[in-house]
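Notes follow the structure.
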Amino acid sequence: MAAATMALSSSTFAGKAVKNLSSSSEVQGDARVSMRKTAATKKVGSPWYGPDRVKYLGPFSGESPSYLTGEFPGDYGWDTAGLSADPETFAKNRELEVIHGRWAMLGALGCVFPELLARNGVKFGEAVWFKKGSQIFSEGGLQYLGNPSLVHAQSILAIWACQVVLMGAVEGYRVAGGPLGEVVDPLYPGGSFDPLGLADDAEAFAELKVKEIKNGRLAMFSMFGFFVQAIVTGKGPLENLADHLADPVNNNAWAFATNFVPGK
């Protein structure tokens, strides 16, 4: 009865007669009606969206800012620096984060996978990600997957031109539309372009957006770590991992940070 009384006294029911509330079956008593409606609301709710979403406010934030309402995926209510206070800046940064997260996920896979295959007997010529590009300046040029019968690149200018044309076309279609029709949302599949049907189920699609942004953020941190490893150790991520597992005392971030001398 206490729960029912609270539900009836909330702003949701203010100024409304209880008898007007819809129900799938005949009920008796105000308490039962209010409890059914409350349960339905919780059932369709998501832990990742809305005011009751999962939050991380950090050590310097007492409460979530008013402009972070949980409308977008990845909003944990934390913005100590006020980066999202301006709506236009927030929209721009949100797009940049999603796009960079996707590239980082592809990049992290591209850094690890060739090295993994090379360590299992597959010949790549050069499997370490930050050394691979320099092969284009070698006599034999850069061979895709180490196979001369595939893409055989010998001109860095030609690669640059292909990248500009292909990536520019894809980005142009993403923002302004293309042969498939107008763009519904420049950030996510849907409308004329959704070959996998990801947007067919709205609830599942909303959850996929959260998974994407979380994995994208992790991938961006991973890529930053790969860059630091390349500068400090001159090795790929899997080789660094193998060295750490073989000798964790001498091969770790603290050991390298205290002994690292730039240029040596």
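Cβ from N, Cα, C; glycine included.
Quick look at what Swiss-Prot annotates:
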TRANSIT   1-35  transit peptide
TRANSMEM  98-118  transmembrane segment
BINDING   HIS100  chlorophyll a 2 binding site
BINDING   ARG102, VAL151, LEU180  chlorophyll b 2 binding site
BINDING   GLN135, LEU145, GLU212  chlorophyll a 3 binding site
TRANSMEM  150-170  transmembrane segment
BINDING   ASN215  chlorophyll a 4 binding site
TRANSMEM  218-238  transmembrane segment
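Structural mapping of features recorded in Swiss-Prot.
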residue	record	contacts (Cβ under 8 Å, 6+ apart)
HIS100	chlorophyll a 2 binding site	GLY216, MET220
ARG102	chlorophyll b 2 binding site	GLU212, GLY216
GLN135	chlorophyll a 3 binding site	GLY125, GLU126, GLY141, LEU142, GLN143
VAL151	chlorophyll b 2 binding site	LEU142, GLN143, TYR144
LEU180	chlorophyll b 2 binding site	TYR173, SER192, PHE193
ASN215	chlorophyll a 4 binding site	GLY101, MET105
Requested in this report: Give residue numbers and ranges for long-range contacts of the transmembrane segment (218-238): same chain, 6 or more residues beyond its ends, CB-CB under 8 A.
Outcome: 100-101, 104-105, 107-108, 111-112, 115-116, 119, 127-130, 256, 260
Report task. Tally every other Cβ atom lying within 10 Å of the Cβ atom of GLU212 (chlorophyll a 3 binding site). Result -> 17
Query - Secondary-structure category, per DSSP, in which GLN135 (chlorophyll a 3 binding site) falls - result: helix
